[in-house]
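Going by Swiss-Prot, these are the annotated features:
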TRANSIT   1-20  transit peptide
BINDING   Arg52, Glu112, Lys152, Lys492  5,10-methylenetetrahydrofolate binding site
DOMAIN    249-416  domain 'TrmE-type G'
BINDING   256-263, 282-286, 303-306, 374-377  GTP binding site
BINDING   Asn259  K(+) binding site
BINDING   Ser263, Thr284  Mg(2+) binding site
Amino acid sequence: MWRGLSALVTQAAWAPLRLCARCSTSAESLVPSSTIFALSSGQGRCAIAVIRTSGPASGLALRSLTALQEPPPARRACLRLLRHPCSGEPLDRSLVLWFPGPQSFTGEDCVEFHVHGGPAVVSGVLQALGSVPGLRPAEAGEFTRRAFAHGKLSLTEVEGLADLIRAETEAQRRQALRQLDGELSQLCQGWAKTLTKALAYVEAYIDFGEDDNLEEGVLEQADREVRALEVALGSHLRDARRGQRLLSGANVVVTGPPNAGKSSLVNLLSQKPVSIVSPEPGTTRDVLETPVDLAGFPVLLSDTAGLREGVGAVEQEGVRRARHRLEQADIILGVLDASDLASSSSCSFLDTVVTPLLAQSQDSGGQRLLLLLNKSDLLSANAPACDIALPPHLLLSCHTGAGMDSLLQALKTELAAVCGDPSTGPPLLTRVRHQYHLQGCLDALGHYQLATDLALAAEALRQARRQLNHLTGGGGTEEILDLIFQDFCVGK
């Protein structure tokens with residue numbers, strides 16, 4: 001091994017990658033000097049309300065409201081009487097916690113007041129804090145923005161925190177926690193180290209290519225590193241749609257011939273009367289949507305008009321809209337009447353909808369289909385077997401609820417395939433921004449492979465590394481940061 005190559009690789013590994021926000025010039029420019037305060041718990045009456053401060057005057061705020069000459073022990077709750085700093089009027093008996101920086105959420109001196117949650121108490125304490133010199137009300141997301149500015153959170157971790165606050169299903173919560181714990185940031189840091197190593201090899205060859213002591217195969221080693229990284233990035237980009245579906249919800253469309261029980265199924269899955277149920281065919285004429293938590297996954301569930309021909313103009317428009325919605329579906333629940341499988345409408349649905357979808361579903365990227373035979377409670381035990389060849393299906397009765405457990409288990413499997421399973425596998429890309437920067441990194445690696453000059457190849461690797469840097473928050477523009485932090489509430 002060439003005597004200087006390992007040293008060069010080590011030096012490059014410690015070069016200003018700026019993957020962590022605390023090393024980023026743009027993050028440093030965000031570090032504020034003022035002290036902020038806000039109600040961090042929910043609005044309205046509650047047993048306990050949490051009011052927090054962050055900034056250099058937090059200690060002054062604590063002394064002003066408690067008359068303490070010295071702060072209490074760090075990170076230990078102490079019961080204190082709060083008084084207005086101007087009038088001395090008692091406000092509340094409160095638990096106070098002192099978090100000296102940099103060992104705090106924001107990296108600054110912080111105080112938390114755990115007060116009784118009545119509106120008058122909360123209002124009184126906020127007014128008292130507003131009278132302390134150097135304190136001002138916080139803006140939306142400002143506490144988290146300060147944590148980012150002080151390197152406590154990377155940008156992907158900030159997004160994970162925002163997703164955790166908005167999470168409505170178990171799958172969303174699991175994914176948000178993984179991102180908040182830094183799994184995506186750590187993955188990007190690993191990729192960046194690979195790029196740094198490859199760049200060190202290329203730059204070593206540029207600087208010492210004619211040195212007899214340079215180890216043979218240096219460029220080949222760089223090529224191997226880049227090819228392995230291209231495979232990893234390509235795999236994550238192919239799965240990017242899953243992460244976005246986990247964040248926004250999978251499109252599940254219920255379809256079938258008239259009177260098969262589609263609306264009953266939608267009402268059963270959503271556990272509320274979304275659709276009108278009637279024995280009259282063609283009752284549903286428009287697409288009805290409702291957000292649902294199915295098996296822990298977010299879903300946009302759509303009820304559609306029964307598919308048939310030769311009906312009035314209004315219903316025909318409903319059929320057209322139903323077919324259009326089918327094209328947008330991630331998962332299709334095809335519903336047939338188990339007691340009427342030989343009817344022309346059932347046979348037509350099998351031929352024109354189910355068979356093409358099954359052929360398409362052989363492709364892993366195609367739409368997914370679950371065929372359901374509803375009204376199984378109407379089947380007689382002594383009835384002759386149906387001679388129609390049916391694809392794999394589930395028996396179901398929306399009337400009695402029979403078969404619902406099997407349906408929910410099958411839906412869980414299909415939804416995990418569409419949205420990804422946040423309990424296993426690598427972290428998902430939940431934002432378009434993630435996909436954009438990873439694609440930019442992959443494009444730069446493509447330029448590296450095509451480069452005819454080593455200087456251009458090295459610049460392509462630097463550009464790839466910059467894209468990873470932007471993903472985790474280094475060198476991010478103010479506009480992008482503003483867009484991300486505006487999703488937070490005041491006090492977070």
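Placement of Cβ uses the backbone N, Cα and C atoms for every residue, glycine included.
Cβ neighbours within 10 Å of Gly256 (GTP binding site), excluding its own Cβ and spanning all shown chains: 27.
Considering other CB atoms within 10 Å as the measure, the emptiest surroundings among the binding-site residues Arg52, Lys262, Lys375 are those of Lys375. Sequence-distant contacts of Asp286 (GTP binding site), defined as residues of its own chain at least six apart whose C-beta falls under 8 angstroms from its C-beta, comprise Ala305, Gly318, Arg321.
If you check the binding-site residues Arg52, Glu112, Gly256, Lys262, Lys375 against Thr284 (Mg(2+) binding site), the ones with a Cα inside 10 Å of its Cα are Lys262.
Cβ environment of Glu112 (5,10-methylenetetrahydrofolate binding site): Ser40, Val50, Ile51, Arg52, Val96, Leu97, Phe99 lie under 8 Å away, each six or more residues apart in the same chain.
Rounded to the nearest whole angstrom, the C-alpha distance between Lys262 (GTP binding site) and Lys152 (5,10-methylenetetrahydrofolate binding site) is 50. According to DSSP, Arg52 (5,10-methylenetetrahydrofolate binding site) is assigned to a strand segment. Secondary structure at Thr284 (Mg(2+) binding site), taken from DSSP and collapsed to helix, strand or coil, is coil.
A gap of 57 Å separates the Cα atoms of Asn259 (GTP binding site) and Lys152 (5,10-methylenetetrahydrofolate binding site).
Closest to Lys152 (5,10-methylenetetrahydrofolate binding site) by Cα-Cα distance, out of the binding-site residues Gly256, Ser263, Lys375, is Ser263. Reduced to three states, the DSSP call for Ala305 (GTP binding site) is coil. For Lys152 (5,10-methylenetetrahydrofolate binding site), the number of other Cβ atoms no farther than 10 Å from its own Cβ, over all displayed protein chains, is 22. Between the alpha carbons (Cα) of Gly256 (GTP binding site) and Ser263 (Mg(2+) binding site) lies a span of roughly 10 Å. When the alpha carbons of Lys375 (GTP binding site) and Ser263 (Mg(2+) binding site) are compared, the span between them is 13 angstrom. Cβ neighbour count for Asn259 (GTP binding site): 21 (other Cβ atoms within 10 Å of its Cβ, all protein chains included).
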